[in-house]
């Protein structure tokens, strides 16, 4: 029986979670809370500038959405504690507004009747942060009720950082994410708390911060203090990459590194980590649902133990599919 999902915040991630859930018989979205009216939500769900038209029938019935004949209840409540998740049968809430990332705030969904909350962002004071393929085995149904799915960039970096550490020992590393612009930037020059994100997103390469590298230690404690990095926001609407330069404990060749990553991609991390030896560009990964896809042609080794690994990720589709995978995993392990 499919686990019942409620989505709070029907933006880029919320809608992509919905799209991913439509293709998964083990999860069912039954309710959405967003301050936008149902007609606009239906329009933005059906037509997407990045991912194309949704292959589903989407209509509005009063204040609700009907997708492929199934009714999804729509509400517009600002206070999560006042939602009707319990009455609607919602078991897991995907908290994707970007506003309720503190545990105390996200836990209001539990007051409203949900059994678990997945925050689709890095969080604070969460019960656990999980990156699928890396540490989902740490989930404890009795004690973990507010769960962070980390960031899209941590979901890209952590799987291959784990492989490098397990195989060769990762002494330290610096990463840069070359990241498509997101809604936390201005489309034209306008005020923002980050002076650089205040500049026109589609006209500039914008250096900014990311907590993704340090956050890896939340799912791989053995790498605490060993990774750091930053971000370059670039004028593309979707698909990003992580460029990791790391010092290993062992001396390796390019072939050693690529073989280890390929083995993981075809084995334990299949469906999470991809591996490509084709000369591809960002647009080729639009719609790719892996968390991370190694660009094997870009792997480099210098002086035996310094390596450079580049991995691509669709920062919308890949991440949203992991949110759905996590919901399915939680339901299987116990609510």
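Just so you know, glycine gets a Cβ as well, placed from its N, Cα and C.
Residues or ranges marked as NAD(+) binding site by Swiss-Prot: 12, 13, 34, 78, 120, 183, 315. Taken from Swiss-Prot, the feature D-glyceraldehyde 3-phosphate binding site covers 151, 152, 153, 182, 197, 210, 211, 233. The feature active site, nucleophile is assigned by Swiss-Prot to 152. The annotation site 'Activates thiol group during catalysis' is assigned in Swiss-Prot to 179 on the grounds of similarity to another entry.
Structure coloured by features recorded in Swiss-Prot.
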residue	record	contacts (Cβ under 8 Å, 6+ apart)
12	NAD(+) binding site	182, 183, 316
13	NAD(+) binding site	96, 120, 316, 319, 320, 323
34	NAD(+) binding site	7, 8, 9, 10, 11, 14, 41, 74, 76
78	NAD(+) binding site	35
197	D-glyceraldehyde 3-phosphate binding site	184, 185, 186, 206, 208, 233
211	D-glyceraldehyde 3-phosphate binding site	122, 151
315	NAD(+) binding site	152, 153, 179, 180, 182, 238, 239, 240
Same chain, 6+ residues apart, C-beta under 8 Å of the C-beta of residue 210 (D-glyceraldehyde 3-phosphate binding site), given in sequence order:
151, 153, 177, 179, 229, 230, 231
Binding-site residues considered: 120, 151; fewest surrounding Cβ atoms within 10 Å belongs to 151
Using DSSP reduced to three states, classify residue 13 (NAD(+) binding site) as helix, strand or coil.
helix
For residue 315 (NAD(+) binding site), what is the secondary structure state per DSSP, taken as helix, strand or coil?
coil
What's the longest C-alpha separation between any two of 151, 152, 153, 182, 197, 210, 211, 233, the listed D-glyceraldehyde 3-phosphate-binding residues, in angstrom?
19
Which has the fewest other CB atoms in a 10 Å radius around its CB: 153, 182, 183, the listed binding-site residues?
183
Rounding to the nearest whole angstrom, report the longest C-alpha distance spanning 12, 13, 34, 78, 120, 183, 315, listed for NAD(+).
27
